[in-house]
Amino acid sequence: MTARRIFGVETEYGITCAPPTGRGAAASGAVQDGDSHRTAADGDGSAVVTADDAARYLFRKVVQWGRSSNVFLRNGARLYLDVGSHPEYASAECDDVHQLVVNDRAGEMILDEMTEDANDLLFEEGVPGTIHLFKNNVDSAGNSFGCHENYLVRRRRDFQAMGEALVPFFITRQVLTGAGHIRVRPGGRAAYAFSQRADQMWDAMSSATTRSRPIINTRDEPHADADLYRRMHVIVGDSSVAETTTMLKVGMTDLLLGMLEDGAKVRDLALAEPMRAIREISHDTTAKVPVELASGRRMSALDMQEEFYSRVTGYLDDHGHTAELSGVQRRVLELWERGLRALRSEDPTLVDTELDWAVKARLIERYRAKHTLALDDPRVARLSLAYHDISPRRGLATTLAQRGLMARITTDEEVADAVSTPPSTTRAKLRGDFVAAAQDRRRDITVDWVHLKINDAAQRTAVLKDPFSPVDERVDALIAALEV
Ligand SMILES: Nc1ncnc2c1ncn2[C@@H]1O[C@H](COP(=O)(O)OP(=O)(O)OP(=O)(O)O)[C@@H](O)[C@H]1O
Ligand SMILES: [Mg+2]
């Protein structure tokens, strides 16, 4: 059996309040306002709601019931407003990639409902504008925000070495899992790139997040038994719109981690200049231009991803794991291989309903051809932004999926269910049940990834150091105490 692993994805969302033109952000020229102190203004100069204010409207109901803008939900996830006014949804702990995609999509649904409520509130108060939420990584002011992946790994002395083996993987996987980005080249001309996030990363590994923007954050905060585990906190990925891109991003990383945890070494793929390579690779949409390795060898991102793919599949075969792979793991490997083939044969149609960069490129190219537009035309920028708008009405993903232009692996029913139901196989189940019981009985509690506490005279607390366990008698007792 491939080892069971806990993982979770945190997504920060872009937020803006578009001026009221009645046409929605995609058509109205909305920009994302990342600067909370700036007041955006529409064409005739009338002020509209800042991103900061929009975030406050968004969280007003949450603050009413949770008395905080940092809450844990019935589905085990965390929802909060961090600095910089970017709403964040941190998925519940999952132990299966499909389950993770479902919990992540439930987060979009929760945030979309909050957006609709906030827009109703704006309307009621006579405030002009429509709030939009974007699952992307950069706003029009150039501010970057993240999508972090978390993987539980066993604690061992060579965590740093494992991280170093992963850096070239994370730098090159963007040719498969990048969200696609129209960037402005020096000199002002627009060009398509694989990743929104690549230009924003400054460090390979570091214990700080925002200041240095490392690929892997090495801060030691396992949210689990610290004697046994570490949490690999990956900062570098683009947020994914297509479910299949999330699936591949997390699934391929999980399989590679399994191989490394089992003792396999990947030392020969270290890059000479990782932070230069990450940008060059993002900008080279052929994925075939070589970059220099520490060994002096030159390989392209495509060569390197082919190498990672063949090492992972070779490892699985050699250790008899291939036959035991789950359905979603097989799907991950199949898409990984097909993505590589699409790049090698320069045929994006092989993946243009599944990998964000290809889905988006196709959308943009068709639109440009139909209206004879340059890549840097503002209408193309708005279309590209609307790809990330989470609203099923204003955003494009739902329509693309309905037209068969974007693949899905979940059903609407599964996602709707996961709005209020935690994953059943991990610690998230205990947290979700506890939160639900407290909400139903209007009891005051304090919760984080590890702790569940009833805020009464007795201050009963359960400490859940095992993220794999969905059952715990102490939590049953806590829930019983809530119910009396
Ligand atoms: N033991 C664990 N191993 C791996 N992932 C975990 C574990 N416990 C929780 N997670 C996941 O890690 C993520 C933590 O999200 P959170 O936003 O709280 O991150 P953080 O790094 O602790 O804090 P911050 O975002 O404030 O820096 C969640 O998606 C959660 O499901
Ligand atoms: Mg977070």
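Glycine residues also receive a Cβ, built from the backbone N, Cα and C atoms like all the rest.
Heads up, TrEMBL stuff is auto-annotated, nobody curated it.
Ser91 is the only one of Ser85, Ser91 that TrEMBL places in the ATP site (with Arg78, Trp449). Cα distances from Asp82 (active site, proton acceptor) to the binding-site residues Glu10, Glu88, Ser91, Trp449 are smallest for Glu88. Among the listed binding-site residues, namely Tyr80, Trp449, the Cβ with the most fellow Cβ atoms inside 10 Å is that of Trp449. In this record, ATP is bound by Arg78, Ser91, Trp449; the longest C-alpha to C-alpha distance in that set is 11 Å.
Candidate recorded positions: Glu10, Arg78, Tyr80, Asp82, Ser91, Trp449. Those with a Cβ under 6 Å from ligand 2, in sequence order, are Glu10. Listed recorded positions: Glu10, Asp82, Glu88. The one with the lowest count of other Cβ atoms within 10 Å of its Cβ is Asp82.
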